[in-house]
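As written in TrEMBL, here are the features:
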TRANSMEM  32-52  transmembrane segment
DOMAIN    46-297  domain 'G-protein coupled receptors family 1 profile'
TRANSMEM  64-83  transmembrane segment
TRANSMEM  103-125  transmembrane segment
TRANSMEM  145-167  transmembrane segment
TRANSMEM  205-228  transmembrane segment
TRANSMEM  249-270  transmembrane segment
TRANSMEM  282-299  transmembrane segment
Amino acid sequence: MGEDGNTSTFNISYTNFFLVGFPGLREWRPLLVLPLTFLYVTVISANALVIHTVVAQRSLHQPMYMLIALLLAVNICAATAVMPKMLEGFVHYANPISLHSCLAQMFFIYFTLLLDYNLLLAMALDRYVAICHPLRYIDLMTSHLLGVLAILALTRSLGVAVPLVVLTSQARFCRTMVIPHFTCEYIALLSIACGDLTFNNRLGLAMRLVTVTFDLALLGTSYTRIIYAAFRISSGGARAKALHTCGSHLLVILTIYFSGLSTSIVFRVAKTVSQDVQNLLSAIYLLLPGTLNPVIYGVRTREIRQHVEKMLFSKISAQEVGEKPERMQNMRGNCQGERTLST
């Protein structure tokens, strides 16, 4: 036995694990399947509805709306990387998963999370140009620039997600086969690893802090100048529209960044926090953006909201129009039947 009371002195490293999310709930876990399934279907449907609206309406084929559609597509990918395995774990108390599947899930979690960050930066740039340099907006925000921003976002996301996965794959997991979490997060896997993990912990925290600090500095600078420029606009209506649009973006930024950062700090600082609370914090920062983003952009963005309402009401009207001839035909049939009976 090693100094910490486990088998870490032996050259053992598990390659198959059991995910046990919210272990304190025990027999109550199956009751979460139905509401979480409803949440997953709602997330997919709401995000897909806004994406379809942006793609289908030519008037929305503008950089800001296309970036919103990309952000919501990333939300769908992020939810799909987490929710199916999470639901499976609530059906079976111990949810088996291999190391390779665990690392793949970890990659998609952090890759999509970082894509969210990068798309928010691109949206901040778009709003900065639109409000601070409106006359040059068409010349600056071209499809070529959007392509460059997309490549940079993918490169930056891979540059953070891949090292985390590679570093984790080299660790030895000898403490236990049970991961007290519903998903393969970086910190959850490190909690069952053995050996000196100081470098792993510091690297993970440093990458999170550097990424968040750098992004928030850029976002803060950008939106400070945007708000300053908006208040200088002479037209009250244009000023209100600019501030309203920025308010939607700032709500999303606060949701994504601060939920993720608070979760990381709690995991590393508050050692006495229970596993269920840690699981809940992870669920919030992983699933909350996908739940709120389509509501924020679909409701607060007037152009998208109007097209969604028009599309939904037109379908309802078409159904009613289609039902009217059928009703008339049924009424005629009933009248003819009554005449036959009377004769």
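The backbone N, Cα and C atoms fix where each Cβ goes, and this holds for glycine too.
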Within-chain partners of the transmembrane segment (103-125) [C-beta distance under 8 Å, separation at least 6 from its ends]: 64, 67-68, 70-71, 74-75, 77-78, 81-82, 85, 97, 146, 149, 152-154, 156-158, 160-162, 164-165, 168-169, 183-186, 189, 211-212, 215, 218-219, 222-223, 226, 249, 252-253, 256-257, 260, 286, 289
Selected stretch (most C-beta pairs under 8 A with the transmembrane segment (249-270)) from 64-83, 205-228, 282-299: 282-299
Other parts of the chain folded back onto the transmembrane segment (205-228), taken as Cβ under 8 Å at six or more residues beyond its ends: 114, 117, 120-121, 124-125, 127-128, 131-132, 160, 163-164, 242-243, 246, 249-250, 253, 257, 260-261, 264, 268
